[in-house]
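First comes the structure, then the notes that go with it.
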Amino acid sequence: MTDSLTLLRPDDWHIHLRDGTALETTVPHAAASFARAIIMPNLVPPVTNAEEALAYRARIEAQIPAETPFEPLMVLYLTNNTTPETIAAAKAAGVVACKLYPAGATTNSASGVTDIQHIYPALEEMERQGVLLLLHGEVTDSAIDIFDREAVFIERTLRKVVADFPKLKIVLEHITTQQAAEFVAQAPDNVAATITAHHLLYNRNHMLAGGIRPHYYCLPILKRQTHQQALVAAATSGSPKFFLGTDSAPHAKSRKEAACGCAGSYTAFAAIELYAEAFEDAGALDRLEGFASHFGPDFYGLPRNSDTITLRREPWSVPDTLTFGDESLVPVKAGETLNWRVQK
């Protein structure tokens with residue numbers, strides 16, 4: 001049994017940092033272990049153009065701790081009104097990707113796309129410009145069961161987009177089902193997926209059996225154990241199509257522990273440690289570096305990081321709460337023990 005693991009410094013290819021005073025917590029947490037992060041644009045109002053992306057990046061950069069190299073990679077939020085000109089301007093400003101949220105699919109997605117045909121001209125420009133398409137892969141049809149919405153999205157929307165845009169790099173984010181893992185594995189090389197730590201560690205029993213545990217509630221929702229096992233198999237397979245994206249999504253404790261609680265699990269405080277636990281449980285610690293540090297930059301066409309981090313087996317207790325602006329935040333594994341810790 002190994003007690004130490006050194007990795008090329010990883011990146012987070014999907015994170016929510018929020019805005020305002022929340023950045024005082026989320027940015028240092030992300031920057032502690034990751035060199036780069038793909039920053040989700042679902043603010044209120046959302047980040048829909050180059051000017052807003054640059055302003056948001058500046059607010060993030062203002063919270064990066066001194067002597068800490070961390071690069072926020074900015075993303076535009078696609079709407080029915082996103083134009084090819086908007087895409088071209090974003091590319092020129094350094095934006096690397098655009099995010100498709102089906103309207104109403106998740107937190108702050110009301111401005112999202114109602115019909116993907118509306119954004120085909122924007123997708124064509126993204127394909128030309130080399131801007132990636134990031135997908136929240138769920139339908140929002142109220143007639144579709146919440147546990148089936150990812151699988152239906154693949155059949156109803158994703159297959160056609162992949163066929164229509166063969167040169168567009170597409171990331172199906174935070175996959176949660178066996179169907180998604182199988183689709184991505186069999187798709188052309190321009191299609192990849194991110195997988196969260198919490199979807200590797202948990203299934204819907206953790207959220208629902210013996211009482212409702214709101215801090216496991218996220219979207220796409222945790223699925224049954226067979227899907228969790230398929231995700232673990234994909235993440236630990238060594239396939240370059242699957243890489244790290246935490247989807248760390250903070251909400252104040254009062255907004256989670258409520259009659260109508262918000263969706264999102266907070267993992268950025270110890271993300272790589274949580275992944276290490278999942279990979280160790282699967283007997284695949286030797287596959288963690290590829291998943292966390294190699295395959296994401298390779299897919300994005302960016303260089304791998306050159307520095308390293310070291311994880312040590314050092315059990316520690318996760319705090320019950322963390323500071324979150326003027327409120328508190330309950331992290332994943334609050335009050336429990338994590339067995340790995342990044343050496344400072």
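Quick reminder: no glycine exception, Cβ is built from N, Cα and C everywhere.
Long-range Cβ contacts of HIS14 (Zn(2+) 1 binding site) within its own chain (separation 6+, distance under 8 Å): ILE38, MET40, LEU134, GLU173, HIS174, THR194, THR196, GLY245, THR246, ASP247. Secondary structure at HIS14 (Zn(2+) 1 binding site), as computed by DSSP, is strand. Per Swiss-Prot, Zn(2+) 1 binding site is recorded for HIS14, HIS16, LYS99, ASP247, and the stated evidence type is sequence analysis.
Here LEU219 (substrate binding site) comes close to ALA105, THR106, THR107, HIS136, GLU138, ALA263, GLY264: these same-chain residues lie at least six apart in sequence, with C-beta atoms under 8 angstroms from its C-beta. Taken from Swiss-Prot, the feature substrate binding site covers HIS16, LEU17, ARG18, ASN42, HIS136, LEU219, HIS251, ALA263, and the record attributes it to sequence analysis.
Residues or ranges marked as Zn(2+) 2 binding site by Swiss-Prot: LYS99, HIS136, HIS174. Look at HIS174 (Zn(2+) 2 binding site): DSSP puts it in coil.
Cβ neighbours within 10 Å of LYS99 (Zn(2+) 1 binding site), excluding its own Cβ and spanning all shown chains: 26. For the recorded site, LYS99 (Zn(2+) 1 binding site), the DSSP three-state label reads strand. According to Swiss-Prot, the feature N6-carboxylysine maps to LYS99, an assignment based on sequence analysis.
Swiss-Prot lists ASP247 with the feature active site, giving sequence analysis as the kind of evidence. Around the Cβ of ASP247 (Zn(2+) 1 binding site), a 10 Å sphere holds 27 further Cβ atoms from the protein chains shown.
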Round to a whole number and give the Cα-to-Cα distance in Å for the pair LEU17 (substrate binding site) and LYS99 (Zn(2+) 1 binding site).
15
What whole-number Å value do you get for the CA-CA distance of HIS16 (Zn(2+) 1 binding site) and HIS251 (substrate binding site)?
10
If you measure from the CA of LYS99 (Zn(2+) 1 binding site) out to 10 Å, which binding-site residues from the list ARG18, ASN42, HIS251 are inside that radius?
ASN42
Determine which residues of this chain, when HIS14, HIS16, LYS99, ASP247 are set aside, have a Cβ within 8 Å of the centroid of the Zn(2+) 1 site's Cβ atoms, and list them as they appear in the sequence.
ILE15, ILE38, MET40, ASN42, LEU134, GLU173, HIS174, GLY245, ALA249
Sorted by sequence, non-LYS99, HIS136, HIS174 residues with Cβ within 8 Å of centre, Zn(2+) 2:
HIS14, MET40, LEU100, TYR101, THR106, LEU134, LEU135, GLY137, GLU173, ASP247
